[in-house]
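Reviewing the structure listed below.
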Amino acid sequence: MVKAYLRYELAGSWGVINSPGCNVCYDRSGRHLLTASLENVSVWNIKQAVVAKTLTPPISQSGKAAGEVTQIAASPSANQVAVGHADGTVRLWDLDSGECAATFSGHRKEVSALRFSRGGALLASGSKDTDVVVWDVAGEAGLYRLRGHRGQVTDLVFVERGSRRLVSCSKDEQVKVWDLDTQHCCQTVVGHRGEVWSLDVDPSETRLATGSSDAELRVYQINAEVDEDGDDVAMTDAPGAAAGAGQQAAGQGGGRAAAGSSFLAPMGSVRRQAGERAETVRYASVPGPHGGVLLTCQSAGKVTEVYRVRSEAEAAKKMKRRRKRRREKAEKREKAAAAGGQAPEEEAGEEPDRLTAGDELQLVAAIRSKHKARSCAVVPAASASGGAGRRAAASSHVASLVLALTNNSLEVWDVREGGEQGEGGAGASGAADRAQVIDLPGHRSDVRALALASDDSLLLSASNNCVKVWNPRSGACLRTVPSGYGLCALFAPGNRHAVVGTKEGGIEIFDVATSSRVAVVGAHTGAVWSLAPLPDSSGFVSGSADHDIKFWEWGVAADPDTGAKQLAITNTRCAAPLHISGAPPPPGQAPPWAVPSLGTRDAVPAAFFLSLYGHKLPVLSMDISSDSTLLVTGSADKNIKIWGLDFGDCHRSLFAHGDSVMAVAFVPNTHYLFTAGKDRLIKYWDVDKFEQLLTLEGHCAEVWCLAVGSLGDLLVSGSHDRSLRRWERTDEPFFVEEEKERRLESLFEGDLEAADRAPLGQEDPGEEGAVGTAGRKTLETVTAADDIIEALDLATDEEERGREYEQEKASNPKAKPPVPNPLLLGLSPSAYLLRVVGRVRSSELEQALLLLPFTDALHLLGYIVGWLRVGTQVELLCRVATLLQRLHMQQLVGTPSAKPLLIELQQLLRQRVQEAKDMMGYNLAAMEHLQRSLRERQALPPAAAAATAAAAVLPLKRKVAEAAGPR
């Protein structure tokens with residue numbers, strides 16, 4: 001009989017405040033901060049320093065976990081957020097319900113840029129695959145793909161003043177302007193002396209700022225009324241311009257377009273104080289007496305600069321003063337030249353007479369954090385209440401910023417005008433103070449050791465500089481105690497104390513209840529790599545890099561300061577190493593102390609028992625089963641070896657991971673085993689049958705340690721990505737063969753992602769300025785296409801059975817009708833097929849139709865004609881018919897039998913679309929009439945009346961959307 005096992009699934013993860021590879025941003029309301037926590041998105045209440053909500057992406061059909069979050073963008077018009085992942089997918093989340101509204105699959109590599117349009121109707125995404133994809137948020141579908149960059153797309157921004165345009169920057173040192181109406185590149189800005197990392201436009205959409213690898217912050221004037229002729233306009237940026245002097249006029253230099261004839265005209269640059277590249281450049285509108293428009297430039301180092309954008313009058317006054325100083329200098333040069341009898345010489349790099357970036361930007365403060373910053377966000381005015389509101393009300397307060405640091409922490413800084421000289425940096429008019437730090441819910445570095453209490457009520461994690469105690473069920477941080485660099489840990493009997501072995505060679509004793517370090521014992525001269533309790537719980541054994549194995553006993557000693565009794569440890573014996581002192585054991589040989597300290601079940605380990613050989617590289621971890629019959633070792637050679645402890649024979653050697661095996665742990669009272677490796681995977685094994693049962697995916701970096709619960713229903717893992725993950729045993733049984741099939745599906749999905757196949761009608765990926773389809777082939781689109789083909793075949797067979805029955809009934813009136821097919825779910829063949837087509841997600845519909853053969857596509861068009869006659873789901877049918885005609889136009893033109901079908905389809909489409917348009921116009925007129933009636937009845941102020949009317953007509957809007965049919 002085939003054996004069934006119980007499945008382990010991810011039940012929770014914690015420990016990551018913000019991922020170092022993602023930005024942070026506020027939602028539309030300004031009350032919550034959105035940060036990436038590996039594959040999840042955490043919604044933070046900064047005032048309370050708690051996570052209000054966590055957005056967790058669903059697992060794919062093959063069981064593959066979602067990729068790490070790399071970009072976050074909040075919608076300006078709806079309570080939605082777009083999230084880009086490392087696997088190239090973009091997910092659209094509803095923050096109110098916490099559900100994923102849509103999933104877009106259009107990139108082959110990591111999403112590196114996301115930006116909504118001002119109205120929130122469009123979403124642009126850029127990736128490391130050098131493509132830019134524009135998505136329709138309302139239609140939940142991709143519109144087109146823009147190609148032209150030759151490097152990773154680093155940032156995007158929409159410019160909607162005048163015609164719709166999209167500006168993108170890339171690591172290829174170029175900034176491109178795309179006309180979204182014609183879908184082509186209308187201007188390319190070159191001349192940056194390095195990779196362009198970020199850009200943004202001001203709220204009035206008259207200025208665009210860019211940050212690159214050099215120390216200059218460049219500003220461009222946006223000419224929205226420029227008349228484009230459809231050709232790319234090459235612009236160069238004069239390198240080597242002095243700080244604040246700006247660039248030369250756009251008409252100077254070869255190949256440079258006139259300033260008035262380009263969409264982006266250079267205004268010069270401002271030299272930044274930070275020497276590192278610019279990471280994030282953002283404009284923000286801040287209210288208050290010292291508010292206005294601010295420009296923040298966060299570098300890849302520890303410096304974040306805050307600039308204030310002067311008003312037009314102030315900028316003009318600054319320009320006049322600059323001109324006056326220039327005239328005074330020129331007069332002095334002329335006088336000096338006249339006195340010396342020499343002709344006056346004009347200075348190199350003469351400043352222009354027009355407005356420059358130095359005239360508009362004034363440095364307010366340069367924030368210097370203790371650690372490198374990854375992203376920054378200006379705290380919106382909506383969140384300035386309580387203490388933040390009192391600070392905002394202060395006469396000198398300018399703005400508050402949130403910095404996401406690379407050490408897994410968040411900092412809130414207050415920027416103010418004035419302050420002591422030097423607080424805000426050289427040349428700054430203000431200063432900045434750190435107002436809040438959020439760092440307790442996670443470690444500053446990777447998690448190196450885990451230990452569970454005997455009753456699984458507490459979890460201890462050790463890292464560099466601190467030890468944390470968690471509730472393993474909820475993930476709440478209960479205690480944080482400073483410590484050394486912990487490498488191993490265990491709980492003392494009673495679970496009131498814990499022992500941690502450090503990299504410095506010490507053993508530290510902690511009192512969990514009082515959150516204090518009781519004692520530090522200098523146990524070894526090398527790093528303590530292993531701690532193992534004795535079978536009778538009288539003490540423990542420590543193994544170190546100094547080649548010594550020491551036995552310790554629990555005891556009680558008096559505190560020398562207070563005299564209170566406290567836990568202490570006493571060294572009872574030290575086992576001498578069996579190999580030459582100062583030389584490591586031979587490669588592949590388990591250290592001689594490993595078997596006695598972990599495997600001996602009597603209390604007096606006195607003699608050498610076994611020496612195990614076989615690994616080709618050093619052994620990194622080992623564990624012994626509860627019945628002391630099996631020893632499993634994990635090595636850097638990627639294998640695990642199963643040894644018998646009766647004779648020391650190797651039962652089996654298994655290739656376990658794609659990289660070094662870092663941890664192995666038996667499930668108590670079983671021969672089931674968990675292994676963890678540097679390949680980011682955790683695997684579940686049946687050691688008796690030498691079979692792999694499960695692969696647990698989720699970690700985004702190397703997995704260092706494991707801790708199994710006393711009942712075997714709980715597994716906790718710690719990783720280099722600073723996260724702790726809880727895996728729980730469920731009641732769902734599974735079979736080994738089923739898991740093998742799932743792994744094969746996962747390999748198939750990986751092949752689809754790795755394949756760089758161009759769909760039908762798609763241009764060469766390397767073609768400059770080409771426009772392609774937005775989606776890409778995934779396992780979901782392949783499954784959707786298979787479902788449509790199966791439904792077509794099923795509907796055709798049922799209709800053929802119906803025709804045969806009608807023919808037989810004409811000759812034999814007593815003929816029995818055919819038995820309905822249960823697969824149709826009680827629907828007619830046509831209705832069942834429409835149900836299958838309607839269930840395909842809008843974002844996957846185009847790619848699913850791409851995979852249909854021409855014969856099936858022609859057959860589907862015939863069904864669409866029948867559905868349009870009834871007039872159901874007009875919007876969906878119009879989209880499907882349009883896509884099929886566009887994809888198979890050449891075959892349809894060359895098929896004479898398709899001509900009558902296309903003629904009727906054209907007539908029906910026009911008729912049904914006009915009917916839907918009339919219905920929408922009628923409903924909109926009714927809603928406007930309802931708004932006017934509500935305003936007249938209530939006699940409210942215009943703003944309040946508009947809000948009340950909008951709330952009243954919301955159900956009607958939903959009905960209108962439902963009447964238009966699903967997308």
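Backbone N, Cα and C atoms are what each Cβ position is placed from, and that goes for glycine too.
Fair warning: this is a prediction, and the values are worked out from it, not measured in the lab.
Taken from TrEMBL, the feature compositional bias 'Low complexity' covers 240-250. Under the heading compositional bias 'Basic residues', TrEMBL lists 318-327. Residues annotated as compositional bias 'Basic and acidic residues' in TrEMBL: 800-811. Taken from TrEMBL, the feature domain 'Small-subunit processome Utp12' applies to 830-932. Annotation comment: TrEMBL describes 229-258, 312-355, 797-821 as region 'Disordered'. Annotation comment: TrEMBL describes 69-103, 104-137, 146-188, 189-223, 440-480, 521-553, 612-653, 654-695, 696-728 as repeat 'WD'.
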What else in the chain is close to the repeat 'WD' (69-103), if you only count residues 6 or more beyond its ends and a Cβ gap under 8 Å? 19, 21-29, 32, 34-41, 43, 53, 55, 57-58, 109-116, 118-121, 123, 125, 127, 129, 135, 137, 140, 700, 753, 776, 841-843
Maximum Cβ pairs under 8 Å to the repeat 'WD' (696-728) - stretch from the list 104-137, 189-223, 440-480: 440-480
Can you break down the region 'Disordered' (797-821) into helix, strand and coil residue counts using DSSP? 15 helix, 0 strand, 10 coil
Please list, for the repeat 'WD' (696-728), how many residues fall into helix, strand and coil according to DSSP. 0 helix, 18 strand, 15 coil
So, by DSSP, how many helix, strand and coil residues make up the repeat 'WD' (69-103)? 0 helix, 23 strand, 12 coil
